[in-house]
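Encoded as structure tokens, the structure appears first; notes follow it.
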Amino acid sequence: MPVVELFLSAFLQVLFDRLASRELLKFLRQEGLYSEIKKWGETLKMIQDVLGDAEEKQLKEMAVKTWLNDLQDLAYDIDDILDEFATEALARKLKMEQQQSSKVWKLIPVHFSCWRLGSIMFNIRMRSKVTDVTSRFKGLKKLRHDLGLKVTTGEASSNAAPKRPPSTSHPIEPAVYGRDGDKAKILKMVLKNEPTDHANFLVIPIVGMGGVGKTTLAREVFNDPEVESFEIKAWVYVSEDFDVTRISKSILENITGSSCNQNDLTTVQNGLKHKVTGKKFLLVLDDIWSKDYSKWETLKSPFMAGAAGSRIIVTTRLQEVALTIKPSGFYPLDILQYEDCWLVFAMHAFENGVIPAQLNIELIHQKVIEKSKGLPLAAKTLGVLLRSKQTEEWLKILNSKLWDLSENDESGIPAALKLSYHHLPSHLKRCFAYCSIFPKDYEFEEEELILLWMAEGLLQESTENTQPEDSGHEYFHDLLSRSMFQQSGDNNNCSKFGMHDLVHDLAQWAFGEISLRLDDVLGGNNKLPRGLEKVRHFSYTVDEYDGQNKFAIFHEAEFLKTRIRTFLPIVQRGVFDRYITSMAPFDLLPKLRRLRVLSLRSYYISELPNSIGGLKHLRYLNLSSTKITSLPESTSLLYNLQILMLRDCSCLAKLPSNLRYLIKLRHFDIRGAILIKEMPSGMQKLESLQKLSNFIVGKGVGSNLKDLKSLKKICGELCISRLENVKDDGSGDLILRDKEDLKDLLLEWGSDQFDESRSEIVEKNVLDILRPHENLEKLTIKCYGGTRFPSWVGDSSFSKMTVLRLKSCEKCTSLPSLVLLSLLKDLTIEGIKGLKHIGSEIYGESHSKPFQSLEILCFEDLPEWEIWEPINENEYVDTFPCLRKLSIVKCPKLSGKLPKQLPSLERLVIKNCEQLVISFSSIPLLCKLELHGFKRMACNSPMDFNSLKSMSLSIMGYEQLLTMWQQNQTCLEESAKVHFFGKAMY
């Protein structure tokens, strides 16, 4: 049973913020509704004061819970009504601006008459809605007194200061307590030569309740040095959806390290069988729920070809699943010993494990052991919660009545998790609960979730110093630090996140019946789930074809169409060519008039109905990776739209001509929409834009490069393309100089054809006016037509520049001086076909130690490059001290030798550089070596291959290298291929 108050307290604050809007209040006065709606705020404040009392009473009194549910339903309706008022106010403002700027409009009186009539009809319609809400308020106020709800004092939890992720084999916890014995037993099963029936592999199921540590135990075994003898190791998170094709693909991808684009199960399993045939493998299948024996038989069939001694470890909560997989038995994982639970708690509660002296440690110890109930996840969650509290709050929390919640519902969620949600600050509660719209096995990105939060109104509105995106970033990392989210992948740079399955259950519990995941109710019984009248958010997992039957629930429960705010198909990996019935975009979606979030991402659709413009509340529209050819002009009527995603819409050729009316647009992504020739006119009106992936300069007067100057809030990444369409020198103000939050800039001329239509002088001046702010970190210049780069490219003021890429600037004959870019880490010089010499012009005349931070250096397609001049023959050791990767490709005239000292080099790639002399005298850390198409080599001393993990060589006439390689080939861990006189030797 979800605790509605915990969610409501956060929602009410959103309504108070709306009711305080000056623009809204001004409009309400004009409509004659100000006094009526002002009373709503007063009533909401009275109700807020009794929420604390209602919180406790709802656990035992069903009438109180019903009252809270009705209040939540009313809160959503109030939010919708206030949004309608705000939207109408904005629409009238924009129409007035159009009227004032259009002489034709002024000459046609009928336009004014129609507009006035529409305003009158709006007022009549909204008065009816306001009256209905006021009536419902009266009923709730009366019930409040009848139920005896009292005003509570003291600081409420909501005013406090500010499905699990797909598992991986990589350790997450800094230490694991209490599982040494279990680990030893599982390891023994994995390593001993136990005879098997009918197969070369043995299945080891680990069974235990949620949060007991099954995945952690399997991870400990998987990473133990003793299992390194297995030729193949793979880890796959299965989850509740036991899709044999998906799981087989995931296993194959895990083994090969590359993506599998096949959807045919036979093809995938043939590939899997080929990889494991005759090899000893260790496979972990984490979190299995399916009891379908036939699916298990199909999944395991390729592994019959593996070598004897292979093992499959399975984790599951259900004994029935384990016995389906292995009838002879399983390994039951019990709860932790209480003292081990205390150690888990202490690891997360106390800094460096030091217990504050002022704590009554004996009492705290007793309470923690009692509350964690032997579950390490509960102990960890409790530790994270108390870590952020003052010591005097500890006993208050540990003695809270909320510990009784688990005894009053059948959710199976540990009380420690519920308590952690209760103690979230108000602004985090709704954000966390909203995540239940994702399936348990879904990996999300930070920006993806923040944009959804923003569209749903869960983030703080813009202020002078703070943007909603900033708040979203703060909220996201706060939830991450509280262990509500977990980072996926094997390192801290991974951009994917998820939720532990019990934490996901907690989010579902908190969100309650206002969210409907279609996958959870499609069970084949043809019965509508209970509580549909409360649903506001709708999501489902995309299949290869989503037909009319998938959306039958909207016909069986028509009232859903007037309530749904979110229509979010979730696209999982491994599904291609996704189709949706035309009924959805053309019949269903236009009727969902309260939508805030609409996604049709990756569906094979080519058009949208013009009625899309009627979705006045819409904030988020994602059409990425569709086949859409154009957007309806009515899209420009979506005045509330904040996010428009058109990424990889490869068939999209034109944007709406009146896009400038989307004045609330903040994120606009058209990466990969390669057919768009220009931006529509009036882009300078979109002053709220934070993220603009591409600005495409057109040939006409519409998409003026100077439009960018007005977009002062642009941040992150920006590509300015088709710069060849700028036909004058662009003299005037610097366009990008004031955009201090711009971090990554690509300046691109649309063609590497340098004909008479292009002017070197114009292009040089264009680069000058596009000089960015000094905070820029990454710069790419592509297909520039000048012979020299402007001096600002290597100016010392760009002290934060870490990446510089100069590509396909064919007419350039020299490089800019780069010696003053002290933090430069990644330098690429590619396709500069007039370049013959690299030396002092980039090093500087007197600088003896340039490029002290450089880690990646790539030269490619430089057909005239002849000389790489050293700084000083005696100072090579100081030239590239941090260089990890050096790549020189297609530089056929380059002669001489590589730098003598490359102490940090890990990867060396030399291809098609026939005149270059290769030397390996001082590359002690080299891990990956690729040499192809060279003729000369200098090896003054024996080559040390001990650090190499992979090598790919194509040798022409150099037997010594082959001999040295053969003597040291045992050190290669990943792959090795050598061609000698065109014949493969290994």
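Any Cβ shown, glycine's included, is placed from N, Cα and C.
Just so you know, TrEMBL annotations never went through curation; they're auto-generated.
Fair warning: this is a prediction, and the values are worked out from it, not measured in the lab.
Per TrEMBL, the stretch carrying the note region 'Disordered' among 154-175, 462-483 is 154-175. Across the domain 'Disease resistance protein winged helix' (437-507), DSSP assigns 32 helix, 7 strand, 32 coil.
Helix, strand and coil counts from DSSP across the domain 'R13L1/DRL21-like LRR repeat region' (705-831) read 23 helix, 28 strand, 76 coil. Taking the domain 'Disease resistance N-terminal' (7-99) as a whole, pLDDT averages 86 in the prediction.
Note: the domain 'Disease resistance N-terminal' (7-99) comprises 84 helix, 0 strand, 9 coil (DSSP; helix = H, G, I, strand = E, B).
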